[in-house]
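Student: One structure is given below, represented as structure tokens, and several questions about it will come after.
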Amino acid sequence: MKRKGQNPGQTAKNKRVKLKSLNHLITCKLCKGYLIEAATVTECLHTFCKSCIVKYLETKNTCPDCGILIHHSHPLHYISLDRTLQDVVYKLVPNLLQREREREEKFYRRRGLEPPNREDSATEKFHTAGGATAASSNAAACGAASTSSAGYQRVGNHSNGDSGVDDADSRHRPGITSEAANNYHRGGEQVSLRLVTAEPELKQIDRMFVRLSTLATVTHVKKYIAMQVFEDASRFKEIDITCDNQLLGKDHSLKFVIITRSSRPQPLTLHYCMKLQF
């Protein structure tokens with residue numbers, strides 16, 4: 001049923017909005033353009049273009065939006081690519097991805113270089129020999145938000161794939177050197193966890209106290225529990241983890257969990273149970 005005053009083709013479940021009404025959510029505070037390779041500061045969860053925040057943190061160690069101290073000496077270690085948000089930006093802004101690819105190719109070809117392999121670009125590290133060149137390329141390619149701000153675009157739901165997160169994925173996060181990856185980040189920030197079963201019928205693991213890198217995700221913890229309980233890490237999808245009776249997302253880093261529950265003392269208690277049915 002069409003409501004009074006509703007535009008043709010518009011329904012209650014599928015509403016059209018002006019793209020400019022979303023600009024403050026999908027633009028970079030540094031370059032004022034649409035986010036390109038969105039990178040989030042884990043300390044405060046503010047997001048910028050990867051090239052913009054990398055260049056900014058060459059001389060500063062605070063968030064350019066809120067001013068919070070990211071890290072005294074290694075602020076680049078505390079930013080992470082937000083692929084989900086970047087996918088949303090590309091879906092919302094017409095032809096943004098295509099224009100970005102064209103600008104990037106022109107940038108490299110003008111300098112007599114081959115454009116990077118697109119399969120590797122999503123996991124490009126910040127501390128590589130070509131990092132400065134890539135950052136300059138992305139900075140030149142940031143789209144101007146005002147170009148398409150008056151246009152309309154359909155807003156829909158975006159779903160992520162259910163691919164498991166493994167150790168290899170964490171080693172490709174921005175700001176992580178190969179040396180840090182090889183020693184499993186033992187020299188970085190650590191968090192102490194206390195893992196407790198929430199169901200009497202689910203085995204309490206013997207090694208309930210663990211200490212690991214804050215770069216680890218909830219999925220890593222699930223795999224550890226699955227290995228201890230089922231002796232099969234591949235069954236990690238059968239387990240859910242909660243903190244303060246709140247379900248933790250599989251891609252949440254432990255750093256994020258700590259930030260959102262800063263009042264909780266360490267070791268941080270996490271409860272595990274069989275997958276919740278909603």
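Glycine too: its Cβ is placed from the backbone N, Cα and C atoms.
TrEMBL lists these features:
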COMPBIAS  105-127  compositional bias 'Basic and acidic residues'
DOMAIN    28-66  domain 'RING-type'
REGION    105-130  region 'Disordered'
REGION    153-181  region 'Disordered'
Student: For the domain 'RING-type' (28-66), would you mind checking the mean pLDDT of the predicted model?
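Tutor: PLDDT averaged over the stretch: 92.
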Student: Per DSSP, what is the residue count of the domain 'RING-type' (28-66) in each of helix, strand and coil?
Tutor: 7 helix, 10 strand, 22 coil
